[in-house]
Amino acid sequence: NLTMIQPLFKNLKADKNTDIIWMLQDPVDENRLGLNRSMITNRQIDQYNKVAIDLLDESQAKVWSSSRLVAQGIRQPAKNIADDGLHISKPALQLDVQILLNMYCNDHMNYNDGTCCRSPEAATTVQIITAAFFLVCFVSAIALFVYKRRLPRNGIKPRTENGNKNGAPKEPYEALYEVTVSLAKLGMIMGYVYLCDRTNFFMKENKYYTHVNFFLPFAYVMILGFFFTESTEQTVVLHRDQTDEWKGWMQLVILIYHLTGASKVLPIYMQIRVLVSSYLFLTGFGHFSFFWKKGEYSLYRCSMLGGCLNWQSRQNTFRIMLEVLFRLNFLVIVLCFVMNRPYQFYYFVPLVSYWFLVVYVTMAIWPHVTAASTEAGKVHYFYMVAKFVILITLIALFYMSESVVYGMVFGFVYELAKKYKFIDDSNNENLFSRIFSSFVVFLGLLGLGSYVIFTFLCKNKVECNQFHSYLTIVPIVSFILIRNVPGWLRTKYSSFFAWFGKISLELFISQYHIWLAADTHGVLVLIPSYPVLNVIITSFIFICISHEISKITGALTKHAIPSEWKALLRNFIIFCLILLPVCISHGVLSI
């Protein structure tokens, strides 16, 4: 009979929206079967099922074998079903129905679940074109590599900058080789990213929070970081080694938070919000300090004394602004193409990019206020205060986060304190006298403790978030005081955390698809049934890829933001043309 109906499956399957399911027969309880059913045995049922599997294996029908496993696992019949040994129990029947509903509904439902059984997303035209582009880069990189290796063997040398008849100019060739190889490496990485989170090749599992799952890796990472404590020659407040360290341990804590699903615990959730606010604070502080010291915002400016600062100068902050924006957004834009997600999906990068532009515009608009301008006239301090007042007013009106402005104001106060000798961080001594330094550190500990108490007292996320923007400055400044007022602590840092801090952006973005899974709703599984070993292996791959992406971004930045403004204009036009299909596909633009 199965042989006779097998050809009919092909006709039914002509409709692509039709799924044909062949359900294997469930086992029976032979001891409870009546006399009129005594000929039914599990051995006979197994034989029938084997025939069905063999005949239908290569047909248009899907053999549903999990229902039989359900019946075997749930043998106790429900009270409202006759205990005849033939029918499956009600719980087993309900589970079978749920499996069928999942098969039919999951592709159409937006479940925030890492293990949700659904079909992989179909590749879009943009994704196919992106894959073809990376494939061309990969083949080109191999060809250029072979060509480069063959040059010395053939006695051919690339031309110098002035060129000669034996080869091509050296600089264009080297630039082409670096760009092509970088894009080829990026293409291989994106292939792995796509394989992990846009196919069913690897398994996913849901996050499972327990206090042990969160605090055990947290304690391990903190202890490991302390073992790499080193001295630094930098003594200023929030120097580069210290800020890299701060970003590094914060990023590791955020990764543990995401992996374990700790957002369900309100105090931990609020502490992580402080860490995110700290990133914004450092954005405001770092960029304000840079513009304050080296502010030059025009493309080309000549001073009254005849000295010129042009586009090619590294001190031109407009060029630096473009470089920063490129570094921040490059990986995210590539992922938008590869993973078919909108720009806002990677929320942290749009957030940081926006606030960086706010800092730049605030400092760039007239009147320009810098350290040099304040030397010429004290009124420039008033101009800076006026800018802060206007900025804070706008932020309050539009209900935006104050964290970046806190960083800018802190940077301004810090520069004033240094200028007028309230603090001296040019050595490894305490910032204040011994007694006053101890008092300031005590205030810092009090501030941290107060915020922790607040996170336990507030009742829900909505209530906590209403106060967070105004209170977050307390734990941030408290930490800075504790970390910087004692000279011995200010000149120490963890190289372990600092290393991670240098790639914190890549770690934050890459975790979406190659450490977590299902767009952060689940966890990637490379080795099933061994969770600890799986985390170790996925973490190693994830960190290596993040580090490599950081190097690739750095290599491509100097080519994307060239020293010649004409080349930059060309790159900008190309960039807009590349973004056009993404904007159209996501409804930003319509044709």
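Cβ coordinates come from backbone N, Cα and C, glycine included.
According to TrEMBL, the features are:
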DOMAIN    109-404  domain 'Cas1p 10 TM acyl transferase'
TRANSMEM  126-147  transmembrane segment
TRANSMEM  208-228  transmembrane segment
TRANSMEM  248-267  transmembrane segment
TRANSMEM  274-292  transmembrane segment
TRANSMEM  320-338  transmembrane segment
TRANSMEM  345-369  transmembrane segment
TRANSMEM  381-414  transmembrane segment
TRANSMEM  435-457  transmembrane segment
TRANSMEM  469-489  transmembrane segment
TRANSMEM  496-515  transmembrane segment
TRANSMEM  527-546  transmembrane segment
TRANSMEM  567-589  transmembrane segment
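Among the stretches 248-267, 320-338, 469-489, 527-546, the one making the largest number of Cβ pairs under 8 Å with the transmembrane segment (496-515) is 248-267. Within its own chain, the transmembrane segment (248-267) is flanked in space by residues 206-210, 213-214, 217-218, 221-222, 225, 275-276, 278-279, 452, 455-456, 458, 460-461, 464, 494, 496-502, 504, 507-508, 511, 515-516, 520, 523, 535, which lie at least six positions past its ends and keep a Cβ under 8 Å from the stretch. Using a Cβ-Cβ cut-off under 8 Å and counting only residues 6 or more beyond its ends in the same chain, the transmembrane segment (320-338) has close neighbours at 126-127, 130, 186, 190, 193-194, 287, 290, 314, 345-346, 349, 352-353, 356-357, 360, 505-506, 509-510, 512-513, 549, 553-554, 556-557, 560-561, 568, 579, 582.
With a threshold of 8 Å between CB atoms, the same-chain residues lying at least 6 positions outside the transmembrane segment (381-414) that come near it are 237, 277-278, 280-286, 288-289, 292, 355, 358-359, 362, 365, 367, 369, 374, 423, 469-470, 472-473, 476-477, 480.
For the domain 'Cas1p 10 TM acyl transferase' (109-404), the model gives a mean pLDDT of 85.
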